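J.: Pasting in a structure now, in structure tokens, and then I'll have a few things to ask.
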Amino acid sequence: MQEKYHPQEIERQARQSWQETNIFNVTEIPDRPKYYCLSMFPYPSGKLHMGHVRNYTIGDVLSRYRRMQGYNVMQPMGWDAFGLPAENAAIQKGVPPAKWTYDNIAYMRSQLQSLGFAIDWQRELATCDPQYYRWNQWLFLRMLEKGIAYQKTQVVNWDPVDQTVLANEQVIDGCGWRTGAVVEKREIPGYYLAITRYADELLADLEKLPGWPERVKTMQANWIGKSFGVDITFPPDTASGMPQALKVFTTRADTLMGVTYVAVAAEHPVALHAAHNQPDLVAFIESCRQGATMEAELAVQEKKGMATGLYVLHPLTGERLPVWVANYVLMSYGEGAVMAVPAHDERDFDFARQHSLPIKPVIRPENGELSVPLVQAFTEYGVTFNSDRFSDLTSPEAIDAIAVELGQKALGEKRVRYRLRDWGISRQRYWGCPIPLIHCDSCGVVPVADDQLPVVLPEDLVPDGSGNPLAKTPSFYECTCPRCGRQARRETDTMDTFVDSSWYFIRYACPDQSAAMTDQRANYWLPVDQYIGGIEHAILHLLYSRFWSKVMRDLGLVSFDEPFANLLTQGMVLNEIFFRKTSSGRIQYFNPAEVDVQHDGEGKRVGAVLQADNQPVESGGIGTMSKSKNNGIDPQEIIEQYGADTARLFMMFASPPTQTLEWSDAGVEGAFRFLKRLWRQVYLHRQLDGEAAATTTLVPHQEYPADLRDLRCQLHQTIVKVTDDLERRHTFNTAIAAIMELMNELSDVQGTHPAARQLMQEALENIVLLLSPIVPHICHVLWRELRPGTELLDQPWPQADDQALIQDEVEIVVQINGKLRGQIRIAREADRAAVERTALQDEHIQKSIAYRPVKRVIVVPGKLINIVV
């Protein structure tokens, strides 16, 4: 065994051994428990970042741990390979997106392999592979047959930078999720998936997911947004020119008698009708199209509106109510119209005050009066007043009574509604899965036949950055109609890339199946036992995947209800941000590796300078590693300098996996020093013992010297703790800390006493086993030194020795007059008299007693002694 730890050499040796034996390739074994561990697959952007390293190391630790427990473990890997970044890179570099993507995949695969992940590479897939996306197309056609997929024209979210439609879930704070551009509203035809058909099941089945974070389940429940209310029809005041009745949905029918106006969305047909001869209203409607698109954003933006001059009638009183166009009304929720009750809704209150509209209170607190005039809306349930025949009812009673009368007048009925909207999947871009439809002037929309799938993208196309590239490529869109044989045109929209990631985890189970989308192997491996990824995917990917799985279940393709049994959402990786403001006002960011932090004589930080010019830079504090802030750390540099095991160890030790991790160069150095110390400890042990031998019971536990018995007890306590940390809590940092504490104690074991050598062998073997899921390369090599002729990956997870856990001595708490004054250690089997004698003879206890007479002594065996003075 060499004396020095050379990580690159031993890591290459370990990986070569794993590759030669295909040790991580798995098949179905019915009589063994399976464990499917999956980290969300990456977009092949070109290089791994530290977030990837953290994500995949978490999954690898759990996979290796379960493998040692006897599970049949599958940990696959693939590439979420479609998407706009490839198109944009192709535009900049003048190369086809396919080449850019596959080149990136090759490099990132080599990076993943250099990190030593226990991946079954025979299952690798890329979503841009026609043999993968043919099944997107096949399932889309099945959805079309079932009415789950359909076409409609609707006002959509339009990203002006990427020039494509975005789903509601892809609009964040009014901006595109990828570009950050302010989203516009446009009326465009497209294809939709009826996820709303599954809204009730998607909501109810959250109860089947105890292994998911409550925060994620709450986010999904709120997004689905089930609400109980009443559909109410406001008849038109035809004398005002109102062309139609207005239907609204409200959860607060108890406030109906307080309605003072009705507001409609800018895209509502009534708004468009009213705008015909009102240029100001036309301009206002256009400005609304550039505004916010989500409820949360609308709630906080300035409330703007214009009167239409049209009126509707109150359904119960017949009162004329003005119709306004308001920027806080969403066309996508309910009917695109709201009944406005300023006294009892904050948005309506703000709007009414701004436009001098009446405010009529009709609900007061159950135990008190309402202070009038209102200074803010009273939005709670209460008791009705000023409501004619519906006065003096509780809010629930009033809702029921008003719903009954509306029903009798055929002007309303109780309804359940959802915030969730059907999923628009049409994208006006090239690098995505083609929608398998043909447009024929004679036959209409015709599905591509199953035996003609996949509709393949032209992979040599280089986009020019304007419009939809496929719509400008005759070789792609020109075709003949499969029904009538006349000239026709292929659909040139492609599918939202979230379609690709909505079922990839199922395809991993049967990637070589060419005759079907899936087979029975999926029902062996699924659901995923442990899924790992960022909380930013709580609504988008995770909700879509749950929906897709349920559709596949209903089509008989899989047998499970939920795809992910347990979910771990890892925290972000953070690093310091350094920048300068240029003379033009632009902010220029510098990588922390290019900056020297300065300290004074007492070690206090006083500033930072750029290495290139020795001039000051400002600190922007700690933030998520990102390209835009130039504060990322290249994993490859860490691997080349310290080795993959050091990177893995730091990532697992620096923070619990669900919390943010702050990058620390000193922390990386510390991880490297620990691995060098582990290597040296095994080296010294091997030098002392000559040829290492397997642990044998040369010295029974009870014959160990007392100090070695205590150390062996600590060893087996560490096994218990590390097992619990990995099994139940996933707190890898505390598991590593316990192993480090044990290592510190081992350094005191000296000499050639058989018990000492035996304990050192046992301890080092178990430390290597416990650490092997976290730092597998070094452990692979050290195991061969400790147990020649055996392989670490053939070993089971360590089991604690119950006999070793029995301590010879126990710690007894000592109280004086009921107050804690110290502890004593005493033989476990000591009788009451011995406990009392030891406590009274303790130097610190004697000082606390201060020669006061002892009245009595209370002993609780094995726990405490209370001396009454």
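Every residue gets a Cβ built from N, Cα and C, even glycine.
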J.: Which is it, of 42-52, 207-217, 581-591, 592-602, that Swiss-Prot names as motif ''HIGH' region'?
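T.: Result: 42-52 is the stretch Swiss-Prot calls motif ''HIGH' region'.
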J.: Could you break down the residues of the motif ''HIGH' region' (42-52) into DSSP helix, strand and coil, giving a count for each?
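T.: Each residue of the motif ''HIGH' region' (42-52) counted once, the result is 3 helix, 0 strand, 8 coil.
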J.: Taking residues 6+ outside the motif ''KMSKS' region' (624-628), which of them lie with a CB under 8 Å of any CB in it?
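T.: Same-chain contacts beyond the flanks: 49-51, 572-575, 589, 663.
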J.: Same-chain residues six or more away whose CB lies under 8 A from the CB of Lys627 (ATP binding site)?
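T.: In sequence order there is nothing to list, since no residue at least 6 apart has its Cβ under 8 Å from Lys627 (ATP binding site).
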J.: In this predicted model, what is the average pLDDT of the motif ''HIGH' region' (42-52)?
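T.: That stretch averages a pLDDT of 93.
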